[in-house]
Structures are given as structure tokens and as C-alpha cells.
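Read the structure below first, then the notes.
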Protein chains: 4
Amino acid sequence: MTKLTSSMPCVLLTGFAPFAGESINPSWQTVSKLDDSLIAKHRVITLELPCEFHRSLAILYQAIEQHHPVLVLCVGQAGGRCEISIERIAINIDDARIDDNAGNQPIDTPVIANAPAAYFTNLPIKRMLLALHQAEIPAAISNTAGTYVCNHVMYGLLHHINQHEPQINGGFVHVPYLPSQAVHHNGAPSMSEDTLLSALKVMINEAISAKQDIKVAAGTTH
Amino acid sequence: MTKLTSSMPCVLLTGFAPFAGESINPSWQTVSKLDDSLIAKHRVITLELPCEFHRSLAILYQAIEQHHPVLVLCVGQAGGRCEISIERIAINIDDARIDDNAGNQPIDTPVIANAPAAYFTNLPIKRMLLALHQAEIPAAISNTAGTYVCNHVMYGLLHHINQHEPQINGGFVHVPYLPSQAVHHNGAPSMSEDTLLSALKVMINEAISAKQDIKVAAGTTH
Amino acid sequence: MTKLTSSMPCVLLTGFAPFAGESINPSWQTVSKLDDSLIAKHRVITLELPCEFHRSLAILYQAIEQHHPVLVLCVGQAGGRCEISIERIAINIDDARIDDNAGNQPIDTPVIANAPAAYFTNLPIKRMLLALHQAEIPAAISNTAGTYVCNHVMYGLLHHINQHEPQINGGFVHVPYLPSQAVHHNGAPSMSEDTLLSALKVMINEAISAKQDIKVAAGTTH
Amino acid sequence: MTKLTSSMPCVLLTGFAPFAGESINPSWQTVSKLDDSLIAKHRVITLELPCEFHRSLAILYQAIEQHHPVLVLCVGQAGGRCEISIERIAINIDDARIDDNAGNQPIDTPVIANAPAAYFTNLPIKRMLLALHQAEIPAAISNTAGTYVCNHVMYGLLHHINQHEPQINGGFVHVPYLPSQAVHHNGAPSMSEDTLLSALKVMINEAISAKQDIKVAAGTTH
């Protein structure tokens, strides 16, 4: 059996703290279960990010500097979505409909001043999508990560990668409510913790293994 | 440990065959897993009903006559719904949008001629709802089981109970797609097999144990 | 030109007062525009019903006694629905998720004690549906009018017709939010007042003219 | 009364040809009604774009060169959305789920090679949003115009503006189905032609008049 050692290549996997009145966040709830696990000969290091503009990024940058991951996958909650959403792009705007957990509500300000309007993820998102479907897990490519802390973190991550460490693969995935949350959101879809865990493993494995993405149609007409 | 014996009181639990182009039906997929299990000192007998008007009921009636269940719970697929739907009422109409599996498409004909317009279930649906919520499983009361084979079976079951065996408790529950089905229905919600199995056990246990239903608001404004 | 006279056969058309924090109700907003109009040689008499259990019915019964309508069409708001919903059936239950406008919240009590579980409308709902589609107005048959004041009024109306005046045709139609309401309900569908007015005229005309309904599939699988 | 003259400043307003089996496109259906109209002392010139990658842009560029508009507003159909969607950003990717009207299906190719990942619109989208709400028209800011011809045209327009004519204001708006289309899409929301026409006038007026956008929260958490 492969032993975990600190010299192994590692994956940095992040989830978020609860926000918007929730007592849990499905991202951290599942991400934390994979701490110190081994996927495709890579050690998984997990990290809970605060649901706060800027401080979330400072903590993420620190962890990247400390662990030198080959892959950074950030995970966040998308209450109301039915399936795993693999995000294609992050945009350089904060437009918060509600306060973050520190009471900040930036409106129409850039995530990073004087930086590009957007970054595409460099993850093999189409391969990840097909791998999820083969594992019988509902999933789709999403073309917007919103304008809140999730998009903020994804943009900040991709800016860092593009400016400083292009060898890192990085991206963002949104997950539905857990069933225990959906009970309190009349008519909201959910996904079980087991399915979410399987999904994370499938995606990490694919992101590590794939050399180049493939072209299969997974767009939207609007 | 309690041994299953044929003299034990029993629960008749039914699922449906796949329909509408699906290769599986989440109802039978989960119901079949509980065959010969023991819940609250009752033996569970399972039965797959064909997705056919009338023949489904003939088979159901035969099983009731054979097994003398104290509880009959019929389960069907509601593709597109997010949660367990506990049906409140069945109505005396067949109005098939698509053919059943035998090629029949009744339109605006009664399930049973000269019978009442509808029957309320005699299950403790509010207790079942609360028990599901306590088990952190998304669920709601539904006020329509549609006008297809599901409603047909529920109506036929309740007609039989009301006319011939009022001591039997009977009702119907709709369940979402399984994740493996939702993969083929872009954007459709799903529920895992584990969650569905837990839900069935919780509902059967509650339906057997509860002496009288409670009054908690679970209606809809339209 | 046909003159309106009190000896003409008449249609009683009702809408509801606003409820649930709304300042208007799309049903009365449009119904009131048709007061004293003439459709298919019938005079239209309109009536605003309070959004209150029981008092709504008392007022409806009084108007029926006063005007001797040949057709009673009650209209209510279904916030969140996309299209005109022609209701097929009313059920004998009140289960109020929120207080009515008088502060009452009946839970699981019958609309009328010792009365049937449900009544089907005697309107030609399939003809009305086809007529709306021919007029290019989105519409569907609905198999539940909910368990709030709308269903309460529909049940009470059909009970009266079945018990006392079977020569009257009666039924219920749910309508979406108006655009001015949807502005305050993030992401809710709406229908313009002009479209709603056209829809009411089309349905009243069809309900008056049709001798017998036709059989076209318009059911739901769940 | 102001007379239309060719020396007046002009607005270029585009709609699309029908696609995906539709016989009409709500964008051109309404846009064409405003041809040669006068809004805020600007002449409105309308143009129907083909639903084709690249050729749509060639035709748009030609019209910009010919008419020297101060404002270019492109409008497209977003079947399934409930409200007017004012697009915030266009991304440099074509990922066609279905063929365009010329049979092309680009997958994961850039709209324009070696160009930025995305452009933000320079329209005062928050002012336009508030103006629509004041006019009681349902509307929202959208953070994705999809990956089909609509996004393609929006990206190409904004690329042209940013590279060559930064004095032009340009952007994109998605509109729901018309009611006549929704009749054929079971359960789809729609918006009437009158409401769409009012919306276009309100947005054009605001886009011409506003000197600078305001900051009001209109983002999404995901």
C-alpha cells in the first residue's frame, strides 16, 4: 500500500464555511472527509476557506505557498442547482447580493484591480464531466460561478496561476445542497454526501491524470 | 433477533416497472431491496407492478388477497420532482399523456366507473412527513398523483380499501429520479438509492406505528 | 349592437383580493375589467371575493342566488406558475400554509363536513385548453387547485352545483403573477394583463358555447 | 415633432433569425417593430442577424461601419428564462450544443483567436435594470450569455468596441419566449410582445441618457 509522505505531490482541496444562515456548507462537509487521503498517488490536503471576500484568497495563497500543490480544486455551495457544476470561467467582478460573513458587501468592484476581465480554468473540464457521467453522477459545465465569494476565490486562484505558477492546475466546482439542508428549503434539489464524495474523487483523479482535454459539446444556448 | 415467519403481520410494498424509455424505475430499484426485510415487527413483501392501466391493479388486488397485509404502500417515479412526495389523494380519472407499457392511452375515462371522484389516503401522512424531515430527508405532501398509472393504482387501492377492507392502511409515494437516470435528463434533480431506502423504512415504520395522524400545516396555496 | 339587459343570461366571474403581502391580485385586476361586458350574448357580472375561508363562499353563494348565472368562473392567483391553469378537480380539505386575510389557518379540516372527497368541474376544460392554445396563450390542465382559499372556493362552488343547481356550469382557473408583481419575486414567471384578459374571454366564450367536452390527452404522469 | 434625418445620431438594434426549430425569434419579432423609430432624439436602425457563427459578426461589423451608431444593442432569445436578462459579460469561447443555422457546431474554439478571455459590456446595466423595474418589467442582470451565437455576437461586438471604437456603447440583452412560442414548450415562461417592446424602449433610452452607471447590488451567489 502506498504510504502518505510529505514528499508526495499533493492536491489542495478547499471547501467553504457556512453562509447565508446555513449551519453547514456541503463543500466543506464533504471536502473535509478527504483530508489526508490518497488519490492517484497524490496526497489530498484540505482547507476550509472563510466565506469572506479577500481573506479567503489570502488564506488560499498561503496554503499554496506552503504545500506547493500540483492541483488546486476549490469547492462551493450552489443552493438550488441539481447537479455538480464544473465552472469554466471566473470573472473579475464582485457584486454581492448579501453580506459576506465579515459583513462586507462589495458592489461592482474588481476582484483584482487592473487585471484581466476573466480567466478560463486550465482543468480538463470536459474529461471531468464525462468521467462523472460514466460514474452515473449528474453533472454539467457551468459558464458562471456567480459574483460572490465563490467566483472571487476562483478568479483569485486563476490570476495567481496565470501570473505566477502556470504549472498548477486549478479550478472550481459548485455542489448542490445536502439533503439535510434541502429539508429547510422547500422544493430545493439536493445530492447525498456519498454521491458528492464520489464526485470529488472522480474529478480529482481525472484532473491529475488527463494530459489534455477533449472536445465534446457541453455548452448552453444562453 | 426476530425471525421472519409467514404468520407475522405483513406490509405489501410495491414498485413499478420502467416506463417512458427509462431502463430502470427508482421505485422498484429501491423497493426490491427491502424484500423479506423486517420493519417494526412486520414482514415486508415486495411486488413489481407493470406500468399498465388495469393489469397493474389486477396484480395488486391478487397480492392483497394472498398476503392480507396490514399496510399497502405503493411507490412510483416522479421524474423532475426534488423530494419524496407523500400523496394525499387519488382521483377517479385516467388521462394518459403517453402510452402505458401495453400501448394503452386512456383519455378522460374513470379508473372505476360509477365510483367516487376521489379518495383520501388513510395513512398518517403528516406524521410520515415529520419523520422524514427528522431523518433529514427532503419530503413534501403532494395533492396530485397525476392522471397516469400511478394515480390509477392509488385510486384502485383506496377504492378497494374503502369498499372491502377498511382495516388496511394504504397510500402512495412518489420518488425522484436516481442519479444514474438524472445523468440523461439535463438539469433534473435526483435522490440517491441510500436516501430512498432510508425514506421507505422511515415511512413504513411510521405508518405501522402511528395510531392517529397529527395536524401540522403542509398545504399549498395553489 | 346587443344591449346589456338584466334579463340576459349572465356569467358570474370572480377574482380574489390580494393576499400573502401582495398589493394586488392578478385575478381581480383582470376580472374587474370585464364587468358588465358582453361575451357570446351573456352579460358578465364580476365579484371580488375576500381571501378568507368560508366568508368567500358565503359571498359567492349570495351572488349566485341573486344573479342566477348560467356559468360561474372563479379565478385566483398562482404565483410561480407560467401559464393559465384550468383546474380539473377540487378536494374537500383545507390545509393552509399561511393565514388567510382574516387570520384563520385551518389545517386538515374539510371544506364541508360529511361531503364527498372531491368534485370534478363540469366545464369543458379540454375545449377551453385548445381554444387558449389556438389563441396562442400558454395554458395547461391542472389536477390540483392546492389546499388554500382557491381550492376552498372551487370545492364549495362545485358542491353547491352538484347538490342544488346542476344546470350551472362552474369551475376555477389559476393565473400567473402580473409582470408588476414578478418584479418583486426574483425569477418568477408572469403574464401580461392583456394576455390574461384575452384568456378570460376565450375561456368564457368556450364554456358558454361548448355543448360537450372533447377527449384530448392533457394529463400528467405524476 | 422631431423628424428622422440621416444626420441624427443613431442606435443600431439587432435581433436574430429563428433557430432550434422555432418559426419566429422573439428578438427580431420585437426589434423589427422599432425600425426607424425615434428614441431620446436618436434614430433606431434595426438589423436581423443570421443565427450563424462568424457570418452574424461580419454582418454586424458591416452595419456598424455603415451607420456609425453611438449605441449597439443586440437582442437574442433565451427560451426558458422568465425575465429580461441584461448581460454583463461575453466570453471568448464557442461551445455549440446544437448546430447553428448553417450547420456549424464549433466546440471549445475561441470566438476570436489570441483575444482576451472576456469583455464586460460598457452599458449602464444597473441603471437599465432599475429603469425596467420602475416600468414594472421583470428583469435581472445575467452573468452568462451562454456559449452559442448570442455570446459569440456579444463578444465580437465588445472586441470591436474595445479594439477600434471605444466611444460606442454596446451590449446584449436576452428575452424570454413569446406566449405563442411557449404554447409549444410545456411549462415554459413567456413575455408578451408589448412588454418586450416597452422593455427595449426603456433600455435604449437609459443607455443613451445615462452618463455613468450606479452601484446597486444585483449579483448572484452562484
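Yeah, the Cβs are placed from backbone N, Cα and C, and that goes for glycine too.
Within the same chain, the residues at least 6 positions away from D:GLU87 (active site) whose Cβ sits under 8 Å from its Cβ are D:THR121, D:SER142, D:THR144, D:ALA145, D:MET154, D:GLY171, D:PHE172, D:VAL173, D:HIS174, listed in sequence order. Per TrEMBL, the feature active site maps to D:GLU87 (among others).
The Cβ of D:CYS150 (active site) lies under 8 Å from the Cβ of D:PHE16, D:CYS74, D:GLY76, D:ALA78, D:PHE172, D:HIS174, each of these being in the same chain and 6 or more residues away along the sequence. If you look up TrEMBL, you'll see D:CYS150 (among others) marked as active site.
The Cβ of D:HIS174 (active site) has 27 other Cβ atoms within 10 Å, all protein chains considered. If you look up TrEMBL, you'll see D:HIS174 (among others) marked as active site.
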- Against chain A, in sequence order - active-site residues D:GLU87, D:CYS150, D:HIS174 with Cβ under 8 Å: D:CYS150, D:HIS174
